[in-house]
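Novice: Per Swiss-Prot, ITP binding site is recorded for 9-14, 51, 67-68, 84, 143-146, 166, 171-172. As annotated by Swiss-Prot, Mg(2+) binding site applies to 39.
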């Protein structure tokens with residue numbers, strides 16, 4: 001039997017979405033643990049790999065880490081992986097105002113999961129991207145920048161969409177679909 005995978009997060013909403021998206025049929029047991037990992041700088045993949053290695057070292061077993069980016073095309077990818085700090089200082093209204101002088105309001109929501117089987121294993125990266133636009137904040141404000149991100153093809157922001165619908169189109173869903181495929185493929189090789 002496989003060891004449980006420790007999802008390293010202190011964000012209850014991320015854990016809630018992960019559990020809802022993976023569902024009961026996911027072939028591994030997921031437990032969560034809050035660990036203070038260093039806040040890293042770099043590109044999206046570098047950050048996920050470094051976080052994953054440090055988490056595996058601290059947990060001494062299989063870990064899953066997640067890093068989310070919101071990349072404004074007019075700002076050449078900013079705030080990107082630094083969205084947490086931009087949101088903390090600017091709130092959703094400020095994120096929207098960042099693009100005030102730009103015609104291009106397009107953005108990418110990017111979720112990067114890093115999985116590491118243990119201390120000596122190399123991390124695997126699973127990345128999901130959802131295209132959209134930045135709009136004036138709409139909807140509940142209970143999950144980060146969801147009120148300002150409107151996915152392409154929708155007239156509602158992430159915050160306005162029912163969770164069940166958001167969880168079938170989001171950047172997190174897309175990354176977790178790749179993670180699920182990895183473990184299902186691995187299980188077929190074992191069985």
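One-based numbering along the chain as shown.
Keep in mind that glycine also has a Cβ here, set from the backbone N, Cα and C atoms.
Keep in mind it's a predicted model, so treat the numbers as computed, not measured.
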Novice: Cα of residue 12 (ITP binding site) to Cα of residue 39 (Mg(2+) binding site): how many Å, rounded?
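Specialist: Approximately 19 Å lies between the Cα of residue 12 (ITP binding site) and that of residue 39 (Mg(2+) binding site).
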Novice: Looking only at C-alpha atoms, tell me how far residue 9 (ITP binding site) is from residue 39 (Mg(2+) binding site), rounded to the nearest Å.
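Specialist: Rounded to the nearest whole number, the Cα-Cα distance is 13 Å.
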Novice: Among the binding-site residues 51, 145, 171, which ones place their C-alpha within 10 angstroms of the C-alpha of residue 39 (Mg(2+) binding site)?
Specialist: 51
Novice: Of 51, 84, 171, the binding-site residues given in the record, which has the fewest other CB atoms within 10 A of its CB?
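Specialist: Output over binding-site residues 51, 84, 171: least Cβ neighbours within 10 Å is 84.
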Novice: My understanding is the cutoff is Cβ-Cβ under 8 Å with a sequence separation of 6 or more in the same chain; which residues meet that for residue 145 (ITP binding site)?
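Specialist: Within the chain, residue 145 (ITP binding site) has Cβ neighbours under 8 Å at 70, 83, 87, 92, 95.
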Novice: Check the binding-site residues 9, 12, 39 for other C-beta atoms within 10 angstroms of each C-beta and report the one with the most.
Specialist: 9
